[in-house]
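As annotated by Swiss-Prot, GTP binding site applies to 12-18, 40-42, R304, 330-332, 412-414, with the evidence given as sequence analysis. Annotation comment: Swiss-Prot describes D13 as active site, proton acceptor. The Mg(2+) binding site annotation in Swiss-Prot covers D13, G40. Per Swiss-Prot, active site, proton donor is recorded for H41. Marked as substrate binding site by Swiss-Prot on the basis of sequence analysis: T298, T299, T300, G301, R302, P303, R304.
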Amino acid sequence: MTSVVVVGTQWGDEGKGKITDFLSANAEVIARYQGGDNAGHTIVIDGKKFKLHLIPSGIFFPEKISVIGNGMVVNPKSLVKELSYLHEEGVTTDNLRISDRAHVILPYHIELDRLQEEAKGDNKIGTTIKGIGPAYMDKAARVGIRIADLLDKDIFRERLERNLAEKNRLFEKLYDSKAIVFDDIFEEYYEYGQQIKKYVIDTSVILNDALDNGKRVLFEGAQGVMLDIDQGTYPFVTSSNPVAGGVTIGSGVGPSKIDKVVGVCKAYTSRVGDGPFPTELFDEVGERIREVGHEYGTTTGRPRRVGWFDSVVMRHSRRVSGITNLSLNSIDVLSGLDTVKICVAYDLDGQRIDYYPASLEQLKRCKPIYEELPGWSEDITGVRNLEDLPENARNYVRRVSELVGVRISTFSVGPGREQTNILESVWS
């Protein structure tokens, strides 16, 4: 039995899809365990970009099983669209399995997401307006509709009528907005359910059987640790648990069956939306990193905020996710800079701290304490071994590993599969 969890260690967009795709070559089952279509991942195969939001990266390996776990919230309309996109590109989806326990995102979730965000005014949290939060709210309130319910027409009708009655009271009375008409969505979404029916199964059984039979299982997280609802920069977080612990809840696999946790990070930091970001850059260096790194959201298209590598954030992520290995991406983006910086601690009201505060007010007052390293000018996109990196780039990689306290198993010098280099196999 070997199972590996891939988690983002920053605020998402670290290149998890690329690393999952890379590690999938040696896995037999690939599963997602949380989130929805609010997070996008981009995979480059033979120079062609594929952008996915719901379906695991392993779908590009037809001989492997790809799983949408019970911890996800699934917009059936988005899922059917994504399946059609893959079919048009010649990608088979016969290897997809969808948990019958996953919850369903419906139009009223998206509308409520929009209205709640608008009502916050200047205190917006930067939601993607995909209905993720309201769907998880319904799940916690025990009024959610699951995939299993969607497939049964009578049950779906009864639960949709009940939920719409409640949500429409909110829309009309609280938000002074239009009600959603039952007939406008019932048949449409029931039909989506019928289109995905052949993929639906108890995925916990599949995953546990695979592990019990010695197969390699890869768990793919969405977003990142710093967006975790418990461990992230609350309330500027997502509504689920991207941390490695989320696997056990979101997949139905017990914690004793998790072997390794790979933390994915970039050689710098980025985030989309509002919230604390101690190392954020507002100068020409930040603009250069954004442009060279193509830092625009896969889902929203919004320019990402960028900053220097933050080892305080990384140590927090290592601790709360039990990270055993690190995948360091986008080293090439820093090429051409005379000096590169790493945040090693914060100055909080004149006191040096090496932990990430829970208080937003304290975070606002935190000033990064940097360690400066000499940069490198060489084009490193063709490098295939650590020893072939320029000395300064090599020193940067080693310093990142030292500060985070985790060994680096892969490093990447570009978006392609062939640009990910192995230092140590996580499957051994």
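Each residue's number is its place along the chain shown, starting with 1.
Glycine is no exception: its Cβ is also placed from the backbone N, Cα and C atoms.
Taking the features listed in Swiss-Prot, we show where each one sits on the structure.
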| residue | record | contacts (Cβ under 8 Å, 6+ apart) |
| --- | --- | --- |
| G12 | GTP binding site | A39, A222, Q223, G224, L227, R271, V272 |
| G15 | GTP binding site | V264, K266, S327, N329, S330, S412, P415 |
| K18 | GTP binding site | H41, T42, I43, V44, N329, S412, P415, R417, T420 |
| G301 | substrate binding site | none |
| R302 | substrate binding site | V272, G273, Y296 |
| P303 | substrate binding site | R290, E295, Y296, G297 |
| I331 | GTP binding site | A267, I380, L389, A393, Y396, V397, F411, S412, V413 |
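DSSP assigns K18 (GTP binding site) to a helical segment in the three-state reduction. For the pair R304 (substrate binding site) and the residue listed as 'active site, proton acceptor', the Cα-Cα distance reads 9 Å. The Cβ neighbour count for G40 (Mg(2+) binding site), using a 10 Å radius and every protein chain shown, is 19. Reduced to three states, the DSSP call for I331 (GTP binding site) is helix.
In this structure, R302 (substrate binding site) belongs to neither helix nor strand by DSSP; it is coil. Taking the Cβ of R304 (substrate binding site) as centre and 10 Å as the limit, one finds 20 other Cβ atoms among all the protein chains shown.
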